[in-house]
Amino acid sequence: MSAQSESRFVSAVKDSAAGGLIALALFSLMLGMKAEVASGMGGQLGIEYRWGAVAIAVGVVFFGRLILNLFVWKAETPVTGIAAGLMPKASSFSGLGKFAMPVFLVLAVVLPFLLMSYYGASGSRRYLDLAILVTTYVMLGWGLNIVVGLAGLLDLGYVAFYAVGAYSYALLAHYFGLSFWICLPLAGILAALWGIMLGFPVLRLRGDYLAIVTLAFGEIIRVVLLNWYDFTGGPDGISGIPRPSFFGLEFERGEDGFAAFFGLDYSSVHRIIFLYYLILALALVTNFVTMRLRKLPVGRAWEALREDEIACRSLGINTTNTKLTAFALGAMFGGFAGSFFATRQGFISPESFTFMESAVILAIVVLGGLGSQIGVVIAAVVMIGGFELIREFAEYRMLVFGLLMVGIMVWKPRGLISTRTPSISLSGKAKGISADLVQEGHG
Amino acid sequence: MEYFLQQLINGVTLGSIYGLIAIGYTMVYGIIGMINFAHGDIFMVGAFISLILIVTLGVTASMPLALLILALIAILIVSMALTSVWGWTVERIAYRPLRGSFRLAPLITAIGASIVLQNFVQISQGARNKPLQPLIPGGFTLSEGAGESGFIVQLSYSQILIIVVTTVLMIGFTTLINKTSLGRAQRSCEQDRKMASLLGINVDRTISLTFVMGASLASVAGLMFLIYYGVIDFYIGFLAGVKAFTAAVLGGIGSLPGAMLGGLLIGLIETFWSGYFSVEYKDVAAFSILAIVLIFMPEGLLGKPEVEKV
């Protein structure tokens, strides 16, 4: 061992020890001691010690840093350099959308039948419910992707529009007895109107102000729903929301039900499958509209706006209107998803529309790569589906979401799948380029 | 009149807590121009650290007064130190690598950091709220209910403590910013980071110190919150954070006296709103003020209008 490498080793250990010390300071109290209302102490707080957990946390930080120091940060030939050669280049991901999209689509369409044949009618129900949940998040992710990914407006109150959609349908059905198919477009329009109403005054604000104002609006809507007891039922929510029908055929046992009309044996899973196709169709509409809009002037204006707002203004783009269309469209799709949520659950309450829900949707968009449609799908499947399957870790879900949000932003600020396909090109053959090559603008 | 006086006292107390948190927002915004979303959760972590220390040391109201005061001062100092480490770590991990990245990136990591802190505390400390026996019971009775309303106006010792501690800290802090070399370095980084680094100021270190100072003030606010309300949970950082941010914006973001003034105003508005209109909608009041101020008066009461540079 030469003197130089020895000094490198010493400095690596020193650095790791410093990291370990900081971890000790961080975790000794917050992790090592738990203030809990002890039983038999008359409701007084007692301390539960967990030094083992602190030791593990400090050990992980120390050895993690040591390994990184020795092999990556301070090494002459970082392991990552070797590993990077083995990894596929970023540009090879550009074809991903082309091949993955049809595969995903076919898979999504035949999924109920695959599940039915594998698990049987009753056994597949759990997985179908999960598929519906994941697809709902895909749709919400795509809706938010218009606002955050394409137009570059950080919307922290997206769940407000989801709530507007859900409550629009629930209240219209409750007070006027309107059916789902009439309410669906109404819910979307109402959500879009709310988007315009809320967006119009605030969209002149800078990015970070906009984020916090949308957060405030999201909370205002939730608090109003919670406290307007006479109209919305307050914390009790609204129950008995009618289910959708298939062109007037109800999913019920009997002469004029769906099963009898098509000569099938009645099964409760029919409704679930129908709901699955409904949300799949809604999600695909969202995707289709987004993809088409990206090629229109307004879509290109969104992306230009995201890259550099000042340049946009100099080129004569009306930034307020451009932002407003993105905001309203995103809100509209959120409203559609909301009314679907209401009809699927049959019951809604303000509990479902907290800030955390906005954060989950935002995390999906961020993890998937801002602006990438296929990325949203992958993120939703992995994050929502994965955590539903391993229920034991459900309480760690948001923690993992948060850590991944930070980690991915630090590692790849443009998201994991960060290719940018020009929406128009001279040769007609648009090739995706890695977002790492895109110059940063200001705005 | 008695009712009004009582609301005024409560409002000033609440406003002091908001003001302490708001300073953290305003300083960070002034120096790197980003909203530190995780700051509210740093406040929450500070409250938890104080709570754990209080329970571990067995501090109760039945202790002799001198010992109680000594213990509270010790807890305050340890809590400030430990919370600062949290603030420093968040900056080091989530914000520093993204300096100079595209504008949404630090905002998203800030939200991520906020989610991480909240859920970490929820998992490590449990989701149930933590009640604490009142540490400083009693107080002065300012009015015995002599008026026609018969309302008793009380100024509790904990309220006096909160107002005094806040005032002392704010005076000390203003001196720190205005008189010391650290304060000068900070103000120069605020004006022009590149120029400051050319003149030999360690910009990264100054920014880290800003986060440390903000976090330690937030931990003081956490202890005060704990003493005043006697109950905390992992979610207190969210609402308090948004309200303190509102305070910072109302006072003019980037301005220290503005943060204090804004904190007081938000505290007063919130207490009077819940005292005279409705308790349910008090959060709506704070959020609406935020939106209204940002739309019509983005520079706030004491801030300078922002000039956008290309």
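Glycine residues also receive a Cβ, built from the backbone N, Cα and C atoms like all the rest.
What TrEMBL says about a protein is an automatic prediction, not a curated fact.
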Q: Could you check which of B:102-121, B:222-241 is flagged in TrEMBL as transmembrane segment?
A: B:102-121
Q.
Looking only at the recorded stretches B:12-35, B:42-61, B:284-302, which one has the largest tally of CB-CB distances under 8 Å to the transmembrane segment (B:157-177)?
A. B:12-35
Q. Counting only residues 6+ away from its ends, which parts of the chain sit with a Cβ under 8 Å from the transmembrane segment (B:284-302)?
A. 242-243, 245-246, 249-253, 255, 257-258, 261-262, 266, 269-270, 273, 277
